[in-house]
Amino acid sequence: VQSAPKSLFPVWQCGSASDGLVTLGCVTRDLASADGLSFIWKDASGSALTDVVQYPAVQATGGYTSVSHVRVKASDWNGNKKFTCEVKNGLGSKDASLQKPVERELHASLLLTTPTQTEIDNGTATFVCLATPFSPKSHTFKWTLEKTDISNKVKENIVSQNKGNFTAISVLELSASEWTSSTSPVKCEFQQKNHNVFKEASYGNPEFPKVYLLAPPESSGESVTLTCYVKDFYPKEVAVSWLVNDKQVEEVVGYEQNTTAVIDRNNLFSVYSQLIIKTADWNSGSVFSCLVYHESIKDCVRHISRSIAKDSKTPTLVNLTLTNPQSCSCSTYVCIWSTEIFHYEMEMDDDNMANTALTFVFLFLITLFYSIGVTVFKVK
């Protein structure tokens, strides 16, 4: 039995065609008959549109289905103008509005990396600004130095997409002197339609990291936590890794390593790295080492390490280097630091960095007061 249209589904084209037009469509279904069926399209002013196509109805399960489409200017569609589709027969009609949906804007997080000292020594300074994730795709990178736009010195811009979100990278290249002689920071600004975010980087002399390895408090649980505190270094790029009995932690099942984001304190940086280990391994006397890699450490030194074991009564070895390459101008040092073993209890609060930092200071002062001696051997 013939009846008025019961349903109408609007659809539209993603993007626009090369001719600057967008296709809008309407679908009606479950009709008892397609006799006398017609579509009418109107713009926001109510005027009828003429570039209309109506396809022959197709019979399917549940009744007939019919489709109509119209082409409109992309500028009108992108300008959020509203269009109306109406389907009718002799028994009634149904209409639906079509308007471009407001795009959800996902605001990006920004990361800015600075040149290494090696690159600066070679006369160049490269900055990489990473924005991720964000949407829609439209964005702008703006670089400034001493309030002057230097975006013309961008070497490369890269954009990638993953599951509807975007990642963008902008690479800026300056001469080393532009970077080191400037009293103002290099600024990378990432601009979206309704949101801007920026990061700045100022030049500073490399600062050698101080490294402290904190033993766990006594625990009756199945696991304990070692903490490596790396502080007062510059620049901010640093890598921390762990060894257990001279094996990389990644090769040992059951250990978990976590490192915090770098903390900025007056343009000097700090980081905490924690290693969660089995209590049985700690009680067995296994030796655990925290290794810190930073560009302020000369190539012939490569890293700083701190080692600890629960029951060790022997001096703790602070290993600054293993070899002395012929091309390296610095001397090799091995420092053996003997300290008394002392026990303490402390509750770690992961959410309170200030208390943790004070604990490290306390540990450091105790170590100074109870230090037995320091012997330094210089290997020519």
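Including glycine, each Cβ sits where the backbone N, Cα and C put it.
Positions annotated as disulfide bond by Swiss-Prot, on the basis of sequence analysis: Cys26-Cys85 (among others). The number of other Cβ atoms within 10 Å of the Cβ belonging to Cys85 (disulfide bond), over all protein chains shown, comes to 27.
For the recorded site, Cys129 (disulfide bond), the DSSP three-state label reads strand. Here the Cβ of Cys129 (disulfide bond) has 26 other Cβ atoms within 10 Å, regardless of which shown protein chain they belong to. The feature disulfide bond is assigned by Swiss-Prot to Cys129-Cys188 (among others), with sequence analysis given as support.
In the three-state DSSP scheme, Cys290 (disulfide bond) is classed as strand. Around the Cβ of Cys290 (disulfide bond), the same chain contributes Val211, Leu213, Leu226, Cys228, Val240, Ser241, Trp242, Ser273, Leu275, Ser305, Arg306, Ser307, each under 8 angstroms and 6 or more positions distant in sequence. Positions annotated as disulfide bond by Swiss-Prot, on the basis of sequence analysis: Cys228-Cys290 (among others).
Sequence annotations record features per position, and here Swiss-Prot assigns N-linked glycosylation site to Asn122 (among others) based on sequence analysis. Cβ contacts within 10 Å of Asn122 (N-linked glycosylation site), excluding its own Cβ and spanning all protein chains shown: 11.
Sequence annotations record features per position, and here Swiss-Prot assigns N-linked glycosylation site to Asn165 (among others) based on sequence analysis. When Cβ atoms from all protein chains are considered, those within 10 Å of Asn165 (N-linked glycosylation site) total 15, not counting its own.
Under the heading N-linked glycosylation site, Swiss-Prot lists Asn258 (among others). The number of other Cβ atoms within 10 Å of the Cβ belonging to Asn258 (N-linked glycosylation site), over all protein chains shown, comes to 11.
The N-linked glycosylation site annotation in Swiss-Prot covers Asn319 (among others), and the record cites sequence analysis as its basis.
Across the region 'CH1' (5-103), DSSP assigns 5 helix, 52 strand, 42 coil. The region 'CH1' annotation in Swiss-Prot covers 5-103.
Under the heading region 'CH2', Swiss-Prot lists 108-204.
Annotation comment: Swiss-Prot describes 209-309 as region 'CH3'.
The transmembrane segment annotation in Swiss-Prot covers 357-377.
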### Query
What's the CA to CA span in angstrom from Asn122 (N-linked glycosylation site) over to Cys129 (disulfide bond)?
21
### Message
Using a Cβ cut-off under 8 Å and a sequence separation of 6 or more, which residues in the same chain sit near Cys188 (disulfide bond)?
### Response
Leu110, Leu112, Phe127, Cys129, Phe141, Lys142, Trp143, Ser170, Leu172, Phe198, Lys199, Glu200
